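Inspection log for the structure reproduced underneath, given as structure tokens.
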Amino acid sequence: MSLSASPLQPESVHSRECVNCTSVSDIPPQMSNGSSITHFLLLPFAHTRELQLWHFWLFLGISLAALLGNGLIITSTACDQHLHTPMYFFLLNLSLLDLVISPRMLADLLSEDKTISFTACMMQFFTFAFFGISECHLLAMMAYDRHVAICQPLLYVTIISSRVCWQLVASSYLFAFLSAIAYTWSVFGGSFCGPNRIDHFFCDEVPVLKLVCSDTHSSEMVIFAFLTINEVGTIVVILLSYVSIIRTVLRMCSAQSRARAFHTCASHLTAVSMYFGPAFFMYLQPPSSHRSLDKVVSIFYTVVTPMLNPFIYSLRNKEVKGALIKLLNEKQTLNITPFLEENKR
């Protein structure tokens, strides 16, 4: 799941007028009273029916793969006692966040009606914001967990206790919830007088703010503040953690120990790069840049990354692979046992 962020160089709109609304008569009835838009129109990826169907089957396959992969990670982590550690507790919560998919996006690819109500659009944005902010904080917690495990191994059990893990995760969800409320109000709290066409496949911040007719300067400042606290703040925690890890690893005498330490962090670094890289590529640019790539990049961190995360953490982690193999073997044994008992009779 991902977080939309306001550009660091916002294009403030101090006096934005309704585009294509030259007179009151040009505005549809439901838009003629300030902020009285009741529906938005989401623009599809492609205008031909054949391409929309092809996109539907592609995204359906990716979503099912994400559900399967994250479901296996959650099940194996919960069932295997060897994985009841802080690192895998954070991984379990990350997989829970990645389980969330957007049925609305899949439905829009099949339906000819691309409209979405104002309330549904706002709730969709709130959901993306909440899960995106939560994932930012979880990735930062996982980096700090690795920092303590490698740099202070003797104090690891004391510092990263079970109680501390629950407190960190609960506080991140609470902060994400409160941030998402303020974030959503900043985006949808302005006046919408038309047009109502969102040039995106979901209700994202930048395309929605382009439709606001009132002054958005104060909203952009609030969004910028939350961007700094959530995304930039978590990136700083991740960078400081890995700077300390690298310094500690380089002081290790054994090459095997250095390789094992770097291998432990490789999966997390890959996940961080895949999550923050596309978001920063799109949102740290001026609004006029990368306009044609917005949808493609958004697909990557909202749909593709949740599918790849389980493979990243399982393929490079012997403990997770072992737990998955054990889980599948137990499942196969349970399926075969009734057959064997029947044959014995």
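Including glycine, each Cβ sits where the backbone N, Cα and C put it.
For reference, TrEMBL has these:
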| type | residues | note |
| --- | --- | --- |
| TRANSMEM | 54-75 | transmembrane segment |
| TRANSMEM | 87-105 | transmembrane segment |
| TRANSMEM | 125-144 | transmembrane segment |
| TRANSMEM | 164-185 | transmembrane segment |
| TRANSMEM | 221-245 | transmembrane segment |
| TRANSMEM | 266-284 | transmembrane segment |
| TRANSMEM | 296-315 | transmembrane segment |
Task = Compare 54-75, 125-144, 164-185, 296-315 by their Cβ pairs under 8 Å to the transmembrane segment (221-245) and return the stretch that comes out on top.
result = 125-144
Tertiary contacts of the transmembrane segment (125-144) (same chain, 6+ residues out, Cβ under 8 Å) = 1-4, 87, 90-91, 93-94, 97-98, 100, 168-169, 172-173, 175-177, 179-181, 183-184, 187-188, 202-205, 208, 230-231, 233-235, 237-238, 241-242, 268, 271-272, 275-276, 302
Note = Same-chain residues at least 6 beyond the ends of the transmembrane segment (164-185) with CB under 8 Å of its CB atoms are 86, 89-90, 93, 122, 125-126, 129-131, 133-134, 137-138, 141, 222-223, 226, 229-230
